[in-house]
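Everything below concerns the one structure shown next.
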Amino acid sequence: MLRIAGRKLSSSAAARSSSAFFTRNPFTFTDDSSSPTRSPSPTSLASQFLDQFRGFSSNSVSPAHQTGLVSDLPATVAAIKNPSSKIVYDDSNHERYPPGDPSKRAFAYFVLTGGRFVYASLVRLLILKFVLSMSASKDVLALASLEVDLSSIEPGTTVTVKWRGKPVFIRRRTDEDINLANSVDLGSLRDPQQDAERVKNPEWLVVIGVCTHLGCIPLPNAGDFGGWFCPCHGSHYDISGRIRKGPAPYNLEVPTYSFMEENKLLIG
């Protein structure tokens with residue numbers, strides 16, 4: 001009886017498999033030639049193969065908690081044994097490290113504070129170096145001022161010195177020169193200015209020897225007023241360096257100067 005039941009089960013299973021094959025098989029046969037009425041196209045076969053492959057690949061790269069294949073393995077081991085393009089997160093690993101030693105934290109704070117202090121000091125030095133590099137050098141400062149010895153200048157004479165690339169006239173005036181400079185009517189001057197405003201010591205007159213017209217150098221002890229005469233365009237200056245005649249619009253410029261001693265003059 002058991003053998004007969006087994007044979008019946010095997011025959012029914014074979015019948016179901018054959019019927020399923022003919023159901024899925026795209027080929028149909030006719031009674032006359034027993035040949036298929038149509039042949040499968042390569043594109044249909046390729047599409048069916050790709051569908052099966054995609055389904056297999058999607059199932060193979062599904063997350064670990066869905067497949068259950070590597071549920072008992074760590075995330076790293078599961079990723080090696082079951083390669084997947086999806087990112088699998090290990091939600092079970094929440095290890096927390098204990099806080100560090102207080103002495104080590106204090107040392108770390110000390111190192112960081114020291115590093116910041118050194119960094120700030122270096123930045124400060126760089127800024128100071130940059131600012132100091134923009135200031136004038138000692139040579140330039142030396143040329144900016146000029147010290148002149150007045151002891152060798154005789155009364156009534158004029159000495160020319162060079163300061164900042166320009167000639168400077170230093171005249172030691174006599175009493176007659178001083179009285180003549182103070183007797184001039186300011187209303188008659190083109191650039192009105194009293195003699196006391198142009199000198200710090202009435203005996204000494206210090207002016208820049210450049211004509212205010214076009215920058216020529218006037219000649220001392222010349223002209224119609226006993227001061228300076230510009231040969232370029234005929235400008236006349238008096239004994240105080242004021243313009244009295246000619247095209248020059250202004251008086252000779254007075255530089256910044258001071259008396260260091262009785263016979264020492266510092267220009268600049």
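Glycine too: its Cβ is placed from the backbone N, Cα and C atoms.
According to Swiss-Prot, the feature [2Fe-2S] cluster binding site maps to Cys211, His213, Cys230, His233, an assignment based on sequence analysis. Long-range Cβ contacts of Cys211 ([2Fe-2S] cluster binding site) within its own chain (separation 6+, distance under 8 Å): Ile217, Pro218, Cys230, Cys232, His233, Ser235, Ala248, Leu252. The DSSP secondary structure for Cys211 ([2Fe-2S] cluster binding site) is coil.
The disulfide bond annotation in Swiss-Prot covers Cys216-Cys232 and is backed by sequence analysis.
As annotated by Swiss-Prot, domain 'Rieske' applies to 178-266.
Annotation comment: Swiss-Prot describes 57-105 as topological domain 'Mitochondrial matrix'.
Across the topological domain 'Mitochondrial intermembrane' (129-268), DSSP helix (H, G, I), strand (E, B) and coil residues number 27 helix, 43 strand, 70 coil. If you look up Swiss-Prot, you'll see 129-268 marked as topological domain 'Mitochondrial intermembrane', on the strength of a curator's inference.
Taken from Swiss-Prot, the feature transit peptide covers 1-56.
Residues or ranges marked as transmembrane segment in Swiss-Prot: 106-128.
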Surrounding CB atoms that lie within 10 Å of the CB of Cys216 (disulfide bond), all protein chains
16
Neighbour count, 10 Å Cβ-Cβ cut-off, for His213 ([2Fe-2S] cluster binding site): what number do you get?
18
Averaged pLDDT, computed only over the residues in the topological domain 'Mitochondrial matrix' (57-105):
59
